[in-house]
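Visitor: Per Swiss-Prot, the features are:
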- N92: N-linked glycosylation site (CARBOHYD)
- N97: N-linked glycosylation site (CARBOHYD)
- N119: N-linked glycosylation site (CARBOHYD)
- N146: N-linked glycosylation site (CARBOHYD)
- N213: N-linked glycosylation site (CARBOHYD)
- N267: N-linked glycosylation site (CARBOHYD)
- N458: N-linked glycosylation site (CARBOHYD)
- 1-22: signal peptide (SIGNAL)
Amino acid sequence: MIRPNMFALLMLVVLAITSVNADCPKVKRDVCVIGGGAAGMSIATLLKDRGYDPVVLERESVVGGHCNTQYFDPPEGETVDWIDYGVQLFMNTTQLNLTGVGSWSLATDKFAERFIGPNATLPLEGNDINLYVNMETGELVIPNVNETALNNALGVYFYLLSMYPWTSDGKYTGTIPPELLQSFGDFASPFGLNAMAEIFRAFGYNSGIAYGNYTNLPALYMLNAASMSVMQVLLGPSTTTFKVKGGCYSVYRGMSDYLGSENIVLNATVTELTRSFFLSTKSPRLRGYTTRADGSTDNFEYECEKVVVAHPPTLDDLSYVDLTQNEQDLFSNVEVAYYYAGVADISSSYLNGNSFQVMNADPSSEYNVPFGPGLISLGRYVDYGPTQIQAISNTNLEVCDMLEIITRDFENIPSWILNSFDIKTFDQHKEYAPHFNLASLSNPVSPYAKLAELQGSNNTYWVSALNRYTAATAHVWDEANIIVNTYFPSKN
């Protein structure tokens, strides 16, 4: 027999559950997209194109992921009022397809202009001033570039790339060739590629994935980071790479307008994703909460026909998912790089009125780059306004610790180059450049093949910079387009 006080307690529990459900009504969606970066926003727009009604859940207060843009008041008569300090350049896949460099399903130039407007793509321009400084000693470093050796090295390197043509677009799920599992420093040494130090610097060190003598990453990843398609930035016509008018964020602002604010949930923390297994017909359930400016929270719950996980799938970031054993085994092999970026105001009688890049250099390194952690570079593409700053670490440092290191680096830049500086914003790019570790790459069945096999299992799809071998936006957008075209039949 239930005692009266026990019955009252049960009623309180029922009322509590009912009140929670009343405050948090379940919303049904055909697709729930977790993550509002390049992968999540692009796949959501492509899904809407095909008649779907996606919702995007983003943990930050803005969408765009690694696409960071700061706006400022330009001098009178000038029109550029932005500086990108995350993603700055886009590969033009229309031009790459025309020249036979890779096979791309989505035209990045048309895709960007769709959300910004016509004539929104801008050609890449060089800097007025490029300097190399050892930011530990303050010494000015003059790169030793031998044109003959460089041309010979380029010929050898292009031949090497021709042996792995899939590096141009990263669409490869076969067994990784064993020679590409060497560190890039060891792989490159017999071929005399040191003459390409400045080129590898651009795609290795400057991009935040490699440092020192490039022994920290397999050759596989450097060949993809400096693939024939990416190399067009330096060697191809100006039309093969572009910037965008209004800065990188303008692309994602346009995507947000297309999707509608009611379909984008910002400051969203997903706490639980429960999916259907085996013969169950239940749809995935997704729960979490949003955080307001005052710190208060609101719960949400979605019933989703399909779920797209559109952020790098590290185990730490998948704690909310009821992972299968296969998923857990695969994603336990995912690693990330430690990259930081921000914006600073500077004063410099030497640099004022110029576009420039001041790069950290270490002449004791074979590739003239430091071993980290520290500042990579500071620079801007126009001759006025604030400066973007980049930094790299070989360990996962807290932002405050990294800020202390780069402040020291700034202070070591000679005063004739830099008079003063004021760092305005600085943060870590979390889950940057996700990649599979060396042990998993050594298996006969590539982890990229295993990732491809997971698509659609348990009504879940995975798209992020992990799907290809490099984290360029063109690769992410292209992968999103392929997944939508392959697994989501048009509802129109």
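Backbone N, Cα and C define each Cβ position, glycine as well.
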Visitor: Sorry to bug you, but what's the C-alpha spacing from N458 (N-linked glycosylation site) to N213 (N-linked glycosylation site), rounded to the closest Å?
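Guide: One finds 43 Å between the Cα atoms of these residues.
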Visitor: Test of understanding: give the count of other CB atoms lying within 10 angstroms of the CB of N97 (N-linked glycosylation site).
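Guide: The Cβ of N97 (N-linked glycosylation site) has 15 Cβ neighbours within 10 Å.
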Visitor: Looking at the glycosylation sites N92, N97, N119, N146, N458, whose Cα is closest in space to that of N267 (N-linked glycosylation site)?
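Guide: So, of the listed glycosylation sites, the one sitting closest to N267 (N-linked glycosylation site) is N458.
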Visitor: Through the lens of DSSP with three states only, how would you label N97 (N-linked glycosylation site)?
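Guide: Going by the DSSP assignment, N97 (N-linked glycosylation site) falls within a helical segment, counted as helix.
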Visitor: Do me a favour and check the Cα-Cα span between N146 (N-linked glycosylation site) and N92 (N-linked glycosylation site); whole Å is fine.
Guide: 30
Visitor: To the nearest whole angstrom, what is the C-alpha distance linking N97 (N-linked glycosylation site) and N119 (N-linked glycosylation site)?
Guide: 20
Visitor: To the nearest whole angstrom, state the Cα distance for the pair N458 (N-linked glycosylation site) and N92 (N-linked glycosylation site).
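Guide: If we compare the Cα positions of N458 (N-linked glycosylation site) and N92 (N-linked glycosylation site), the gap is 35 Å.
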Visitor: What does the structure give for the C-alpha distance between N92 (N-linked glycosylation site) and N119 (N-linked glycosylation site)? Integer Å is fine.
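Guide: Distance between the two Cα atoms comes out at 14 Å.
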Visitor: Return the residues near N119 (N-linked glycosylation site), defined as same-chain residues 6+ apart in sequence whose C-beta is under 8 angstroms from its C-beta, sorted by sequence, else 'none'.
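Guide: Looking at Cβ-Cβ distances below 8 Å from N119 (N-linked glycosylation site), excluding near sequence neighbours, one finds E113, K245.
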Visitor: If you draw a 10 Å sphere on the Cβ of N458 (N-linked glycosylation site), how many other Cβ atoms land inside?
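Guide: Counting Cβ neighbours of N458 (N-linked glycosylation site) within 10 Å gives 20.
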Visitor: According to DSSP, does N213 (N-linked glycosylation site) sit in a helix, a strand, or coil?
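Guide: N213 (N-linked glycosylation site) sits in coil per DSSP, no helix or strand.
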Visitor: So which one is it: of the glycosylation sites N92, N146, N213, N267, which has the fewest other Cβ atoms within 10 Å?
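Guide: Minimum Cβ neighbour count within 10 Å, taken over the glycosylation sites N92, N146, N213, N267, occurs at N146.
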Visitor: According to DSSP, folded down to helix, strand and coil, what is N458 (N-linked glycosylation site)?
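Guide: The three-state answer is helix.
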